[in-house]
Amino acid sequence: MSTATAHKSDGPVLDWAAGHGPVTGALSATTGAFAIATTGAATAMPPGWALAVGAAGALGHTIVGLRLRNAGRTLTTRAASWLIGAGWTTWAMTHGPLTWAALGSLATIGVGIGAAARSAALYEEAREEEAHATEQRQIATDLSAERRTIAAEWADRIQRVCGITVRVLGVEMWPTGAGFSLDAELPPGGATWSKVAAESARLSADARLPHGCTATAVPGIDQGRVIIDVTTVNVLEETRTYPSEYGPLSVLTGIPWGYRTNAEPVLAYLREQCALVVGPTGSGKTNMVHSILAGFARAQDVLTWVIDLNAGSAGLPWVLPALSGEIQSEEGKPVRPGVDWLAGTFEEAAAMLDAAVRIAKHRKMAYQDVLAKANTDLLPIDRRTPQIMLVIDEGAEILVSTDRQMRKLAEKILEVIRIARAMGLRTVLTALGATGSVLGNLMIRREAKVRVALTGGETEGMDLSKMFPGTRGLRVDQAPFKGAGFMSTPESPVALFKAWRIKPNQIREITAATSERHPVLDVVSAKAAGPAYARRWDTDRTAWMREHTPDAGSSGDGLKLTALSRQDTAEPVSPEEAMLRAFREQIDEQFDTAPDPNTPEADSADPAAGGGGLNLSALRGEQDSPAQREALALLLAAGPEGTGASAIARALADAHGTTRQTVVGWLKTWVNDRTAVRVGEGTKARYVHARHAPQTPED
Ligand SMILES: Nc1ncnc2c1ncn2[C@@H]1O[C@H](COP(=O)(O)OP(=O)(O)OP(=O)(O)O)[C@@H](O)[C@H]1O
């Protein structure tokens, strides 16, 4: 290495690390040698130096080669070429490098080195690369010929059909093989991209595209350009199952809802938007709702609340397998349901919507400092402060119902839509039809810009121009397949799309795979939501689930609980009680919850009600002081690192005047009831929330 440094400072730069092919490799050695010889001669460098430089070159190449893990054969070839070069340099310096003899001999050496390199593995690599490049060049030539033909054909077609003379600047073939995109320049004189868009159907017909394929125009890079996406293969015709990769998602980076005609996924960004999914009976709406719930279940910062007054069928497959203990996580642990709250009755739906409104209002007050700190009026959503997505099946019908009860729900739904955007609560409403009365609602028109119309070939109640105002040329018969239709978002203009097919086995898989990933409602929101939320899995409140479970008829006694079969059934236990008991056990086991003597359940005069509550540790002690709740939130937020009494006390001192001693008391209680664990000793002692605690053998 010292040679290299010395050489660097006082000689020509020899690039040892540069990638050399058989020809450039030889050139490098020979030109390097030539440079040294000329420099050497000009500066009267003693000829011995050239030999040293050659040796350095050989060494340098060897070292670099070793680093690059070149084959031994290649290394030898490289090192040898430097030594030969050094020999020439010595000779040339004594005779003058600019003589023909010297130059000729150098060229010979170069050829010799090249010949040697040719036999080395390095050359093989280079040859492969070269062959690959030639092949690519050939493909590119063929492709550009094809592209030129397409460009000419479509410029001609647009002229004929739209009466506009465009210049096609580029043709991009889609990697999925399902079509291509044209980038065209509009002629001067006021032609707009929408003029081409309006003729989409006629362009498709003129191009004789297969059924279900379209030529869709969208704005180009500026207003004088237009992009035309042409599908040539109908991927909507095929059934594609929900992608089997269930990795984490975020509401901030978009949730995939299906795929476009080019087979690319289409994302819904719902941090600020609500959504409206219209699909008549049989169009694949239920399936679409499941794939939407799948996306939300995968998200790390979303809690899904489902309202389905139609026997809760939209949410049950996400709840029952988990509640009944039918599925387990990979580690054999019980799993949490794939949705966080399911309402199948009017009362439950009303309770849920009231809780949502309370959360929105309370978050607005309680998170003022967070908003100020982040300098935003949009609550920063993350795992600790999750977004609540309310999925309301046939919610649009609730909105336009004249029934007195439904009107009440409608008002609450509209209130959530109206007040809760900034505070991270958004809705997905489905509708059987895109009727004027649904879309006539200003709130829906303004807030629900993520829109889906599942056509499935249905024409009834399907006014696409109302769903997607300002667009023409959309025809219901372009997507006559179940689960297919049109989707538009503020980021992705309306175009054909299809939902993935998702079956119960995948719903179970996703429930299991995402169980650990679901966030827990932040303490501020849980407090606002109150017992209506904390006791959402109570026996009386979930009784309807059993009534509507498909198993109820076949087995005669409701849910087939694995827990039930294990039970000592000396006393007859109702299936729903058993289900809830099993679920509570699972939750307790997983979240380290313990019966809290201070919870309302324990005070309740009704022992049945007392046994029916769910007591998540994050919600413990509704009556705890705000300071104590905040301390618990800090402990939870500290994650596996944990925190200490002093740090918590410091954080609470200003707002609540809490002393370290008080915090020490709380921490002791939490350690005793296993809400927290103490790790480390003495000054290193820290407290970790049970949810983040390292597993102990005892656990
Ligand atoms: N994305 C899809 N890909 C392929 N097939 C689908 C898709 N979506 C739905 N289907 C088919 O259509 C059938 C009906 O779907 P689904 O139950 O979701 O419709 P729906 O509109 O909710 O109808 P209903 O209101 O009658 O329940 C499914 O059983 C399935 O065979």
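Heads up, residue numbers simply count up from 1 along the chain you see.
Positions of Cβ are set from backbone N, Cα and C atoms, glycine also.
Remember, TrEMBL labels are computer predictions, not curated facts.
Residue density at Ser283 (ATP binding site): 24 other Cβ atoms are found within 10 A of its Cβ, drawing on all protein chains shown. Feature annotation from TrEMBL assigns ATP binding site to Gly279, Pro280, Thr281, Gly282, Ser283, Gly284, Lys285, Thr286.
The domain 'FtsK' annotation in TrEMBL covers 263-463.
Positions annotated as region 'Disordered' by TrEMBL: 591-625.
Residues from the binding-site residues list (Gly279, Pro280, Thr281, Thr286) with a C-beta closer than 6 Å to any atom of ligand 1: Gly279, Thr281, Thr286. Each of the binding-site residues Gly279, Pro280, Gly282, Gly284 was scored by the number of other CB atoms within 10 Å of its CB, and the largest score is that of Gly279. Each of the binding-site residues Thr281, Thr286 was scored by other CB atoms within 10 A of its CB, and the lowest score goes to Thr281. DSSP gives Gly284 (ATP binding site) a coil state; it is part of no helix or strand. In the three-state DSSP assignment, the secondary structure recorded for Gly279 (ATP binding site) is coil.
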